[in-house]
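Take a look at the structure below.
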Amino acid sequence: MWQVLRGWRKGWQSPRGALAWAVQGQPCPPCSRAVASVGKDEYTFVVVGAGSAGCVLASRLTEDPNHRVLLLEAGPKDLLMGSKRLQWKIHMPAALVSNLCDDKYNWYYHTEPQPGMDSRVLYWPRGRVWGGSSSLNAMVYIRGHAEDYNRWHREGAEGWDYAHCLPYFRKAQRHELGANMYRGGDGPLHVSRGKTNHPLHQAFLQAARQAGYPFTEDMNGFQQEGFGWMDMTVHQGKRWSTACAYLHPVLSRPNLRAEVQTLVSRVLFEGTRAVGVEYIKDGQRHKAYVSREVILSGGAINSPQLLMLSGVGNADDLRKLDIPVVCHLPGVGQNLQDHLEVYVQQACTQPITLHSAQKPLRKVCIGLEWLWSYTGDGATAHLETGGFIRSRPGVPHPDIQFHFLPSQVIDHGRKPTQQEAYQVHVGTMRATSVGWLKLRSANPRDHPVIHPNYLSTETDVEDFRQCVRLSREIFAQEALAPFRGKELQPGSHVQSDKEIDAFVRAKADSAYHPSCTCKMGRSSDPTAVVDAQTKVIGVENLRVVDASIMPSVVSGNLNAPTVMIAEKAADIIKGHPALEDKNVPVYKPQTLDTQR
């Protein structure tokens, strides 16, 4: 129930702000020139961004008592007076929409008008709080397909194939069903399996089987293809972000300093060697120096922005903004990839959806139960079933993802539901449309120019037609007949290719999976930003560790892969041998001659 106990919306636009409240390699902008300067401090590592990756790094790097780590976060803590209950908007799973409605914990980004989407400006929420987007997301734990990582290896991220990534997924994870060759059993990140007995979830899974798709016991295990119960980063009725998993348990370590509400104004360089960062906190300018490395973990928007503001990026673009060039690296901000999705919505003829949970008294009851015992409808995000299928014959592994919700979502949940309804979120996983982001100005507080270039290829347009048609086919099965009312979206009048294409352009939205803007690859690749060791190419003592370094977007949600990336990078940074497991089987369809 994406609306339960939703917060007050503070306004359509956020205060302009960039990551790491980012960096610039030149004098401070007018808004901060009056800031006083204070002294010098030195650390082994400075990690910029306490999000899905940064929290992992802070924990793993401080396991060595000889490593002194400074963790800088632009947003606030995810606790209020040390309490999760008092910060229920973050920790109550069903309240996830609260933080999509304002900018308190959210960068509140927007794209440029998209030519392929009727010139619409799309909303891109990103976490600005301890835990980053793992404190705002829908808590769906999906790793992607094994072939995604083998593709990374082929694309130049050597040593990032499935055999070398799976052990780090397991290392991070503590699955409630216990360990096996795919799952971890003793990691910090609690993962639970969807287990609702809601009749609409049960009917959806049955309808998928009736449509000819298999049931998969574990879409993160042997067989991704099919429909089944989702894994969730929910533990004992509470969101289990990377802040909960990795940061909270280590805050007492004497070799970790974690700062919040901190605007990093630039990475400090001596020549091409990163030596520290400059940041602003409480109206004062500080410099933190490193004996080893600065690590950027701000995500796919903030990390490239931080690099460009620091003079690392396309030299021509930097000079236009009078930013001194440290290193010409034209791939920074390029290769932007995201998952687009549409909602196919059906009216429900029975009063069993989450529509009633929007009523004020019901909201209060749900909230009180959760505050008292962490149970009830507030203890889940309700996206507990879903699936992965191949769009057509010849596709070797799933390229369409489904999330089912026994409710209706309008405008990212920022508008209340209208009626009893259910929906499937459906989208293609490996779009061919690729975008970019660039600096809007040399002011680190300005959001960058974000241009994802959605639906710019005919292949992507055709794939979304398939998404709509295949969703309708599942919704038309007998299992959903007792609940099926009229189709709300796209609507029964939308049938032809042209009509479906128009619907998709008018209604598709981001699935909140921006990635790939600091592409990992070979140093000989002119589009690469970091090498397979996560080091920024062309400079020294600087790494990027987050979803921005993915060479290509994976076939699924991005939080689990981002945690894996940070776990693997931590071993690389510490000089540990890479974990590897070559003997884990992965399902392959018996034939590619058919779509299912």
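Just so you know, glycine gets a Cβ as well, placed from its N, Cα and C.
The transit peptide annotation in Swiss-Prot covers 1-34, and the record cites similarity to another entry as its basis.
Look at Swiss-Prot and you will find 44-73 tagged as FAD binding site, backed by similarity to another entry. Cβ environment of ASP64 (FAD binding site): LYS574 lie under 8 Å away, each six or more residues apart in the same chain.
Annotation comment: Swiss-Prot describes LYS438 (among others) as N6-succinyllysine, evidence class a large-scale study or a structure entry. Within 10 Å of the C-beta atom of LYS438 (N6-succinyllysine) sit 19 other C-beta atoms, taking all shown protein chains into account.
Following the DSSP three-state reduction, the secondary structure of LYS486 (N6-succinyllysine) is strand. Cβ-based neighbour count (10 Å, all protein chains) for LYS486 (N6-succinyllysine) stands at 11. Feature annotation from Swiss-Prot assigns N6-succinyllysine to LYS486 (among others).
Taken from Swiss-Prot, the feature N6-acetyllysine covers LYS486 (among others), and the record attributes it to a large-scale study or a structure entry.
If you look up Swiss-Prot, you'll see LYS498 (among others) marked as N6-succinyllysine, on the strength of a large-scale study or a structure entry. Taken residue by residue with DSSP, LYS498 (N6-succinyllysine) is part of a helix. Of all Cβ atoms in the shown protein chains, 9 besides its own fall within 10 Å of the Cβ of LYS498 (N6-succinyllysine).
Sequence annotations record features per position, and here Swiss-Prot assigns N6-acetyllysine to LYS498 (among others) based on a large-scale study or a structure entry.
Residues or ranges marked as active site, proton acceptor in Swiss-Prot (evidence: similarity to another entry): HIS513. Secondary structure from DSSP puts HIS513 (active site, proton acceptor) in coil. All protein chains shown were included, and the count of other CB atoms within 10 Å of the CB of HIS513 (active site, proton acceptor) stands at 25.
Under the heading N6-acetyllysine, Swiss-Prot lists LYS582 (among others). A 10 Å cutoff on Cβ-Cβ distances gives LYS582 (N6-acetyllysine) a total of 9 other Cβ atoms nearby, all chains included.
Cα to Cα, VAL48 (FAD binding site) and LYS486 (N6-succinyllysine) are separated by 49 Å.
Taking the Cα of HIS513 (active site, proton acceptor) as the reference point, the closest of the recorded positions THR44, ARG60, LYS438, LYS498, LYS582 is LYS438. Nearest neighbour of THR44 (FAD binding site) by Cα distance, taken over the modified residues LYS438, LYS486, LYS498, LYS582: LYS438.
In this structure, VAL56 (FAD binding site) is part of a helix by DSSP. In terms of C-alpha distance, the listed recorded positions SER52, LYS438, LYS582 place SER52 closest to LYS486 (N6-succinyllysine). Here the CA atom of LYS498 (N6-succinyllysine) lies 46 Å from the CA atom of VAL56 (FAD binding site).
LYS438 (N6-succinyllysine) is 23 Å away from LEU72 (FAD binding site) when you measure Cα to Cα. Considering only the recorded positions SER52, ARG60, LYS582, the residue whose Cα is spatially closest to the Cα of LYS498 (N6-succinyllysine) is SER52.
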